[in-house]
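Data first, discussion second: the structure below is written as structure tokens.
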Amino acid sequence: TRKATSGLTMQLYKDGVIQGLGVEAVPGLGRPSNLDGTLVGDVGFDPLGFSDIFDVNVLREAELKHGRIAMLATLGLIVQEVYTFPFFDKVDPIPAHDLLVKTGGMSQILLWTSFAEIFGGIALFQTIQGKRAAGDFSFDPLNLSSNDAEKRERYALAEIKHSRLAMLAFSGMVHQYFITKQTVLQQLGDFRPINGFPDVTYY
């Protein structure tokens, strides 16, 4: 493992130089020893010390997996407000979730997710062995990286930044729906602070 004196972080380029290396993510806590800037997007943020307990590559694999799902989920939550397939009824997402739980529909998701995790487990084992980079499935159907190492790093940085944003965004949208009973697009046209909803039911 190399110590990073330069490399991609969550910071931006300025005049072709990466900014922000060596900056403490949480002032006063120092930088965790296992987060040396080697991984793309590593800014040393680990206040709970997970990197001292688990393999950093395993943590990155999990972060990318959840981030990719969150990006799709965030997009899907918004798109389904505007368009649904003709053979599906338009329903509110939270009541639909509760109905699927009660009727057993979620068991199908659990079944197929478990099946997919078998392949994910194989890939994770290869990551632990050092045979593949965390989260790398060589999936580039549009050939965006064009075999350019610098471009691949830039895209990898963009992916991890968007992944982290999407995880926060999706969580925020779901909680917003629970509290306001408004979808994302509905609240855009009727934004009020939480105390502007006197009939809020807290779960």
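Sequential numbering from 1, following the chain as shown.
Note: Cβ is positioned from N, Cα and C throughout, glycine not excepted.
Since this is a predicted model, take the numbers as computed values, not measurements.
Here is what TrEMBL says about this protein:
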BINDING   Ser51, Glu63, His66, Leu100, Glu159, Arg164  chlorophyll a binding site
BINDING   Arg68  chlorophyll b 1 binding site
BINDING   Gln176  chlorophyll b 3 binding site
TRANSMEM  69-88  transmembrane segment
TRANSMEM  108-125  transmembrane segment
Taking a Cβ cut-off under 8 Å, which residues six or more beyond the ends of the transmembrane segment (69-88) line up next to it in the same chain?
162-163, 166-167, 169-170, 173-174, 183-186
Tell me the Cβ contacts of Leu100 (chlorophyll a binding site) under 8 Å, same chain only and six or more apart in sequence, or just say none.
Met106
Taking Ser51, Gln176 as the binding-site residues to compare, which has the smallest set of other Cβ atoms within 10 Å?
Gln176
What does DSSP call Arg164 (chlorophyll a binding site) in the simple three-state scheme?
helix
Taking the Cβ of Glu159 (chlorophyll a binding site) as the reference point, list residues of the same chain whose Cβ is under 8 angstroms away and which are at least six residues distant in sequence.
Leu64, Gly67, Arg68
Same chain only, sequence gap of 6 or more: which residues have a CB within under 8 Å of the CB of His66 (chlorophyll a binding site)?
Ser163, Met167
To the nearest whole angstrom, what is the C-alpha distance linking Ser51 (chlorophyll a binding site) and the residue listed as 'chlorophyll b 3 binding site'?
31
Suppose we draw a 10 Å sphere around the Cβ of Arg164 (chlorophyll a binding site). How many other Cβ atoms does it contain, all chains included?
17
Could you state the whole-number distance in Å separating the C-alpha atoms of Arg164 (chlorophyll a binding site) and the residue listed as 'chlorophyll b 3 binding site'?
18
Separation of alpha carbons, the residue listed as 'chlorophyll b 3 binding site' and Glu63 (chlorophyll a binding site) (Å):
23
Please determine which of the binding-site residues listed here (Glu63, Arg68) has the lowest count of neighbouring CB atoms within 10 Å.
Arg68
Could you find out if DSSP has Arg68 (chlorophyll b 1 binding site) as helix, strand or coil?
helix
